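Q: Marked as active site, 4-aspartylphosphate intermediate by TrEMBL: Asp224. TrEMBL lists Asp224, Thr226, Asp648, Asp652 with the feature Mg(2+) binding site. The ATP binding site annotation in TrEMBL covers Asp224, Lys225, Thr226, Glu329, Phe370, Lys393, Arg427, Arg622, Lys628, Asn651, Asp652. The annotation domain 'P-type ATPase C-terminal' is assigned in TrEMBL to 674-928. Among the features that TrEMBL reports, region 'Disordered' is placed at 938-998. Residues or ranges marked as transmembrane segment in TrEMBL: 104-125, 159-178, 709-731, 737-758, 788-807, 827-845, 857-880, 900-921.
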Amino acid sequence: ETNLKARHALSVTKELGADISRLAEFDGIVVCEAPNNKLDKFTGVLSWKASKHSLNNKEIILRGCVLRNTSWCFGMVIFAAGPDTKLMQNSGKTKFKRTSIDRLMNTLVLWIFGLLACLGIILAIGNSVWEQQVGEQFRTFLFWNEGEKNSVFSGFLTFWSYVIILNTVVPISLYVSVEVIRLGHSYFINWDRKMYYSGKATPAEARTTTLNEELGQIEYIFSDKTGTLTQNIMTFKKCSINGRIYAGEEHDDPGQKTEMTKKKEPVDFSFNPQADKKFQFFDHSLIESIKLGDPKVHEFLRILALCHTVMSEENSAGQLIYQVQSPDEGALVTAARNFGFVFKSRTPETITIEELGTLVTYQLLAFLDFSNIRKRMSVIVRNPEGQIKLYSKGADTVLLEKLHPSNGDLLSSTSDHLSEFAGEGLRTLAIAYRDLDDKYFKEWYKLLEDANAATDERDERIAGLYEEIERDLMLLGATAVEDKRQEGVIETVTSLSLANIKGKIIINQKAETAINIGYACNVLTDDMNEVFVIAGNTMVEVREELRKAKENLFGQSRSFSNGHVVWEKKQHLELDSIVEETVTGDYALIINGHSLAHALESDVKNDFLELACMCKTVVCCRVTPLQKAQVVELVKKHRNAVTLAIGDGANDVSMIKSAHIGIGISGQEGLQAVLASDYSFAQFRYLQRLLLVHGRWSYFRMCKFLRYFFYKNFAFTLVHFWFGFFCGFSAQTVYDQWFITLFNIVYTSLPVLAMGVFDQDVSDQSSMNYPQLYGPGQLNLLFNKRKFFICVAHGVYTSLALFFIPYGAFYNGSGEDGQHIADYQSFTVTMATSLVIVVSVQISLDTSYWTVINHFFIWGSIATYFSILFTMHSNGIFGIFPNQFPFVGNARHSLTQKCFWLVVLLTTVASVMPVVAFRFLKVDLYPTLSDQIRQWQKAQKKARPPSTRRSQTRRSSSRRSGYAFAHQEGYGELITSGKNMRTKNPPPTSGLEANSWIENLRKKTTDTVSSLSQDKTVKL
């Protein structure tokens, strides 16, 4: 994370400064907790100079942090060993990742070895029987003596001979071919220009070549939020001041209640030399109100310039630079700066701002720091007129309860505005102030000093005093900040949702902010039946909340009768052997980090997993890196589903390593995630293309390749098995030895590689337009054990046709010249030629997408076969190597016979026609979704009329708005301590594209599926 985190030294050690001699004499002893993975907690005691000082997380810098805004820092190493540090305690172990197809291939190869042994045993028994009954008649002819050859021993030798001959059924070259295909797929990912991010000149990168096809089988996605779904760049969008909305968007929704002028040009801030040139605002009426001297507007902007923890500094060019602890505050202070209220500098006692060109210094009397419980922060200042003011900003759910009763009308209008802002996915804050009496403040401050000096219940006493003074506030308005989504996030989330990929978003923000971000990124929608929030602090509370959520979910689901909720019966994998009811509906689950720690305990995790898997979206807030990995492992272990984790920071590394597929985004937070990932790119939107196009194609190609490869091997090898029954089980090969050697290497290797690398059933655009095409990979339909046995049966049938059709045709047959053609060599050439032509025709039928390379390899392989055949059967090579090439002249003799070609044609037709007929009937009667889409696209040659865009409706305000804070405690103390920070350039902001694509996608998908379903049911 790039957000700043406040850390400071103990007061007793702070005095050492940078004095090397004093530091060298430091002899303190630290007694602390054992190494653990809790990033937000540390307990220890420093013993030094006969006194003890407590240590907590504020005095500890973790390994892996980057120091900012300090010229030096001296520290004492607590955990010297690398594995003991919290960073390493949170890092997962590197695992060797293998795809489900890899594991299935290993199982199938073992089965094939078993089949090879069975075939060898059958033929060995046949040889023993044949030697016992028939072989004895040949002993006198072969000059064998009685008892010289034992039939059992002969069968034993024959077993090993047939193991050698039939070894081609074992796909040894399969693994090499698979790696070549995967390498090609990886290059396609690297070369894809549509996944190239020109903003950083960053292409997509496949950092591994062994997982490509599993990209087409993803069921669960685990995503980080900051830097992954969003840019982590905050932009001041709107504000409500004294009941009036000022909207800073260029194209505002006409249905919204705004008083935005018709001018569409951005506000000209040239009147303000201190303005940030990157800031844009389009509502000119706010500038007019400022120039007219509206006191409420001035006070509102004054609060934005005073109530914050920002540090300022001028760079070498004299430009004012802000260093912010959270980008939320940076956006608010920058907005105030552009509107003429410029935060200039601060000291522990003062804050200096420039109000419309006039420098004004406020005395900082007290800083009421932010905390997760308070959800607000306040400053108490004395202005130059001597008035004491309390300025406060915070979550509307908290701050609006602290208002004076006289705010009734303004509270009502501002609440409507807050709900409207939240409905647009913006992060909101309420702004209020209070005038304080000098005498009252002095009494209150004396109590605060006493509370700070107390040793018992110090925090509770301070919190009580904060509550006392932060009351009877006067409301001024509210702000709305946008956490800029990455371009294309909504389209990607929608498309992946249509592909039935479930999302688990892991957000290191508070629950309110998480809900806001979820709605902004379309992860959460108003169409959802309910959003469950789990926020228990104990295991009992978490278990009870999970139970109530499940009861509520099932109760609501059973009350539905309009067909939107579907009930299914599924086997509960590995958790229980019972059948559970799974709701396929629109539900979401939001759970906090402390609740998640209890939910992952053995007693509760079953309930948590069951509820999470019933929900369309799960959002985890404030979780540690190890918890991210634990959630992934939980789903992997008990759901037997393929998982994908995507993140951009070092805190995502454990999650990336744990998931089946890890994707790193090269964003704002360095390259740690990229270095630990399997794939990397620069923008979240590229995930859509990676999965729906490259992942789906890789899975489709690999499955088709494997089906053909196993078919080809069985068709080629089992001919030897049938021939064994006609050659006395003598282990005689039915093919020429050179053909056996070259068949898999030369004659059939390149066509199947071309199909595995280039084939595609539908285009990349169709794959993106119709995400439902992704379904077969999730269900593992294209290659499984059933498909394997179908391939084996197909290969057995082809081997029967290859052997018995030529055998029957040549049985007692004669050639045109009256000579017999039933010799072994002619029979061998006929079967070999038929085999090459049959497998070539078969791969032609399997190829869906023809390229020049496919044509060249398929027809070139047939031409190569005949070229080598004539060469090896020529007189010339026989003269040179008479022992190695005994088939002299056979090719020329066989290929001139008409019956030879008729046999080859009959064998090819008999082998291929059943496949053609089956596929024709299957496409016509039981088409897959891709079949239907191809047919539909052919029928839709005329351009469809452009679809009218549906008006966007604003979400209802049933939920309270999230608040724009990514703060941590401790910054008030840091500021008042006088340790000012240095500054660096803030990150640039960039606009977002319009998201009308989502409407077109939804309409196109609905139209397509409805048109396809008119006559036939879509089946995956």
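Residue positions begin at 1 at the first shown residue.
For all residues, glycine too, the Cβ spot is worked out from N, Cα and C.
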Q: Among the recorded positions listed here (Asp224, Asp648, Asp652), identify the one with the smallest other-Cβ count within 10 Å.
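A: Comparing Cβ neighbour counts within 10 Å for the recorded positions Asp224, Asp648, Asp652 gives Asp224.
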Q: Tell me if the transmembrane segment (737-758) touches the transmembrane segment (857-880). I count contact as 3 or more CB pairs below 8 A, with pairs 6 or more residues apart.
A: yes
Q: Tell me, in order along the sequence, which binding-site residues from Phe370, Arg427, Lys628 have their CA within 10 Å of Asp648 (Mg(2+) binding site).
A: none
Q: Which residues, given as numbers and ranges, are at least 6 beyond the ends of the transmembrane segment (159-178) yet have a Cβ under 8 Å from it?
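A: For the transmembrane segment (159-178), the nonlocal Cβ contacts are 105, 109, 112-113, 115-117, 119-121, 123-124, 702, 705-706, 709-710, 713-714, 716-718, 720-721, 724, 731, 733, 740, 743-745, 749, 752-753, 756.
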Q: Tell me, what is the mean pLDDT of the domain 'P-type ATPase C-terminal' (674-928)?
A: 89
Q: Given Lys628 (ATP binding site) and Asp652 (Mg(2+) binding site), what distance in Å do their CA atoms have, once rounded to a whole number?
A: 8
Q: Using Cα-Cα distances with a 10 Å cut-off, which of the recorded positions Asp224, Phe370, Arg427 are near Asp652 (Mg(2+) binding site)?
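A: So far as Cα distances go, the recorded positions lying within 10 Å of Asp652 (Mg(2+) binding site) are Asp224.
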Q: Around the Cβ of Phe370 (ATP binding site), how many other Cβ atoms lie within 10 Å? Please give the count over every shown protein chain.
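A: By my count, 24.
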Q: Between the Cα atoms of Arg427 (ATP binding site) and Asp224 (active site, 4-aspartylphosphate intermediate), what distance do you get, rounded to the nearest Å?
A: 18
Q: Could you state the whole-number distance in Å separating the C-alpha atoms of Phe370 (ATP binding site) and Asp224 (active site, 4-aspartylphosphate intermediate)?
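A: Asp224 (active site, 4-aspartylphosphate intermediate) has its Cα 25 Å from the Cα of Phe370 (ATP binding site).
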Q: Over all shown protein chains, what is the count of other CB atoms within 10 A of the CB belonging to Lys628 (ATP binding site)?
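A: Looking across every protein chain shown, the total is 29.
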